[in-house]
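Comments concern the structure below.
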Amino acid sequence: HDCSRTCGSILSPDLLSWSVCTDDVSGSSAEYPDRVSMMEGRLQSQEDEITLLKSSLADALRRLRLHDQLIPLLKQQIIAGGWPTIRPQLYSFNIIVSRKLSSSSALDSPRHPATRYCARPVERDCGHGMGWLACLSRSCLTLFFSLSHWLTGQSIKMFIRGRPITMYVPSNIQNYEDLRMEPPVEKLELDWVYGYRGRDCRANLYLLSSGEAVYFIACVVVLYHINNRTQRHYRKHTDCVRCLTIHPDKVRVASGQTAGVDKDGKPLQPYVHIWDSSTLITLQQIGLGTFERGVGSVAFSFADAGAFLCVIDDSNEHMLSVWDCAKGTKHTEVKSTNEAVFAVEFNPSDSTNIITCGKSHIYFWTLSAGSLTKKQGIFGKYKKPKFIQCFVFSLTGDVLTGDSEGNILTWGKSPGDVKTLGKGAKETFQIMRQTRAHDGSVFTLCMLQGGALLSGGGKDRKIIRWSADLAPERECEVKDVCVRAYVNGEEVLVGTTRNAILRGTFSDGFVAIVQGHVDEMWGLATHPSQDVFLTCGHDRQVCVWNTEEHKLDWCTTLEEYGLCADFCPNGAVVSVGLSTGRWLVLDLQTKEVISDYTDGNEQLSVMRYSPDGSFLAVGSHDNFIYVYNVTESGRRYSRYGKCNGHSSFITHLDWSKDGKYIMSNSGDYEILYWDVAGGCKLLRNRYESKDREWASYTCVLGFHVMGVWLEGSDGTDINALCRSHSERLVAVADDFCKVHLFQYPCPKPKAPNHSYEGHGSHVTNVRFTHCDSHLLSMGGKDTCILQWEVKRAGTGDGGDRLHSASFTSSPEP
Ligand SMILES: *[C@@H]1O[C@H](CO)[C@@H](O)[C@H](O)[C@H]1NC(C)=O
Ligand SMILES: *[C@@H]1O[C@H](CO)[C@@H](O)[C@H](O)[C@H]1NC(C)=O
Ligand SMILES: *[C@@H]1O[C@H](CO)[C@@H](O)[C@H](O)[C@H]1NC(C)=O
């Protein structure tokens with residue numbers, strides 16, 4: 001029971017001692033009325049425990065095999081001089097002690113407390129990190145010497161999915177127990193947001209009176225000053241923003257979000273924020289507890305200067321609700337339809353009149369006496385389109401809709417058909433005119449001054465200007481399908497389904513002012529000496545960006561999609577690993593593919609050049625790391641060797657500073673070390689690598705980053721991490737939309753950290769820029785790249801002081 005005193009008493013010749021015994025279970029039948037079923041229960045629980053003990057034993061045996069070459073050495077040592085090399089604290093760490101279990105078990109009686117035994121990870125360890133704790137009967141003690149630890153000194157175990165991962169404590173840390181972690185002095189500040197959500201959202205691009213375009217991606221609403229090329233960000237949303245509208249004053253903004261889930265999968269409540277775009281202050285939070293799943297559309301009323309806000313949520317019934325903007329109270333609410341709803345607007349001249357459209361419908365709502373009544377638009381002799389995508393009010397009060405048939409329909413009110421329907425017949429909304437506009441869907445309509453109209457098409461990728469009487473006047477082809485147009489004088493802003501925002505005029509054409517990926521992204525690499533980074537993703541695009549100018553430098557589309565990338569240390573070329581085992585080397589100047597290789601036929605997960613650029617390591621899902629000689633400044637590659645030993649796919653790898661060794665992680669949470677210079681050999685004794693210095697640190701499993709893992713983590717909770725070049729910080733990309741900043745090294749669990757929100761999906765990668773001035777993070781499916789400025793609080797001295805303080809060790813007793 002007392003770890004410090006029971007150790008060292010057993011050392012059998014094979015160095016592994018294992019003994020299990022239980023209490024005498026005999027007792028009077030009076031004490032145990034249902035002895036058989038109890039024994040059955042007991043047997044079952046013993047079987048469970050034995051399974052656990054077996055797995056511990058298997059783990060020990062695995063290590064035994066790994067270290068069998070060391071056993072003779074230890075024997076010699078013991079024969080020669082007893083225990084000279086083994087420090088007392090090591091004994092205790094490696095012992096499984098018996099401990100009484102809770103006495104709630106039916107088997108426990110006053111006479112036989114805790115007759116069950118079990119093995120499980122310990123919460124309270126015996127001095128050094130974690131181990132396995134076997135709970136045995138009171139009268140029995142099992143000592144279990146884990147050989148690797150014995151032979152190798154201090155180690156720490158962490159558990160992922162019940163799997164123990166052993167990490168060796170570097171020798172510059174004398175006293176792991178006394179290490180104290182501080183939060184990093186540095187903080188992150190959101191500097192720039194790359195991307196625009198146009199792929200699956202509409203009506204989400206407006207121009208404010210300040211000259212800023214307002215749009216959103218992930219959880220961030222971006223205010224982008226087009227001429228000044230500056231950004232501000234509204235960041236009060238806790239999950240992806242889905243819709244946006246601006247107030248008639250062109251200052252206030254309403255934005256609605258999806259519900260999302262918290263870390264434990266519990267659904268959160270969606271809401272709409274009304275906020276002031278000049279101060280970024282939230283004025284109202286609307287609908288918390290009312291909306292379900294998310295908010296699909298929002299609209300301000302115009303006739304009364306924006307007194308009301310209309311909201312449609314994402315519940316099955318698509319609840320339509322009207323809110324008092326000043327008070328934030330609900331005016332009225334009604335089920336709209338079970339079909340998808342795409343847009344809602346108030347009639348600009350009459351706030352009691354609201355229109356919604358969506359899958360095969362357009363509804364005309366009337367608000368009277370606090371309740372909403374609906375009238376369906378009647379298609380009559382016209383073909384009912386599958387989707388009505390958008391609508392606008394013309395200056396004459398008609399409603400114009402754009403639909404999936406490529407038509408613009410003009411709707412008007414007809415008096416009740418008294419002839420056929422009798423005296424009580426009510427007025428109806430009917431199609432007055434159908435105008436052929438585009439091939440494929442009409443995705444957006446936008447009113448211009450003087451009654452002219454702008455339409456954006458699907459398949460034909462055209463923007464057309466129409467006169468007030470719907471005669472085509474001008475047209476212009478843009479690269480993408482546009483989903484939103486906004487006109488400011490002559491100038492048109494267009495949001496596209498390829499997540500780009502274009503700006504231009506009919507006479508001069510259009511240029512992209514915002515660009516982004518359109519599918520899940522994983523590959524991220526920063527340039528070794530310039531303010532440049534590269535991204536790649538499932539959209540098959542490889543994009544090179546400039547962090548200083550905040551823009552896309554260039555982009556190329558590959559045949560397969562890229563998952564990982566690394567710049568050659570000379571900065572002239574970059575290699576990109578693809579989904580098929582193929583990898584390409586691109587010249588950054590000419591943008592051309594200069595080398596094209598294939599290793600295996602599974603996806604590649606990591607590319608990493610050695611620090612001097614003489615080797616390239618390619619980590620694959622086929623469990624191998626392929627190593628190449630690199631010559632001619634990164635232009636020639638020849639296979640040097642293959643690291644063969646992982647039993648699962650490679651997830652991360654790093655080179656040692658001397659460029660001779662590799663540390664790698666795999667899908668089954670293994671940490672392995674490789675002697676590359678010596679022929680890509682697996683280093684069987686992992687302890688020997690404990691003091692090795694790493695040129696980069698991106699492995700998510702390792703002593704130096706152990707503290708970034710939360711207790712009870714699933715092994716996939718952290719997708720990527722990255723040490724800063726200063727070796728003071730480690731940034732972490734987690735599976736819960738967050739970016740964390742820790743002090744490096746971070747070897748203690750529950751390490752303090754700063755955490756940052758903004759992404760709307762699992763964060764797939766993080767990288768510091770070459771001089772650590774910025775951190776880049778990318779959220780896989782949210783197609784958003786966030787650029788964070790690394791802010792040092794106060795002077796750098798404070799940081800140094802804390803940094804070294806964390807690693808001060810007390811003298812060994
Ligand atoms: C844009 O730049 C002008 C001139 O430098 C400045 O007066 C204005 O405040 C800037 N606007 C924003 C929103 O940054
Ligand atoms: C690859 O690099 C190793 C180690 O530097 C060297 O011994 C070997 O000759 C190189 N092979 C080729 C083909 O360049
Ligand atoms: C980060 O810090 C917070 C607050 O200090 C803490 O709750 C959390 O467990 C830490 N670790 C991670 C990975 O979030």
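Yeah, the Cβs are placed from backbone N, Cα and C, and that goes for glycine too.
Automatic prediction, not curation, is the source of TrEMBL annotations.
According to TrEMBL:
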- 205-226: transmembrane segment (TRANSMEM)
- 230-504: domain 'EML-like first beta-propeller' (DOMAIN)
- 514-548: repeat 'WD' (REPEAT)
- 521-790: domain 'EML-like second beta-propeller' (DOMAIN)
- 597-638: repeat 'WD' (REPEAT)
- 643-676: repeat 'WD' (REPEAT)
Same-chain residues at least 6 beyond the ends of the repeat 'WD' (643-676) whose Cβ lies under 8 Å from its Cβ atoms: 160-161, 163, 165, 167, 602, 605-606, 608-612, 614-615, 617, 619-627, 682-683, 686, 688-689, 692-702, 715, 720
Long-range environment of the transmembrane segment (205-226) - Cβ separation under 8 angstroms, sequence gap at least 6: 190, 193, 195-197, 232-235, 237-241, 244-246, 249-251, 253, 255, 257, 277-278, 484, 486, 488, 493-495, 499, 501, 503, 513-514, 516, 737, 757-761, 779, 782-784, 786
Integer average pLDDT (0 to 100) for the repeat 'WD' (514-548): 96
Helix, strand and coil totals (DSSP H, G, I; E, B; other) for the repeat 'WD' (643-676): 0 helix, 20 strand, 14 coil
Summary of DSSP states over the repeat 'WD' (597-638), given as helix, strand and coil counts: 0 helix, 25 strand, 17 coil
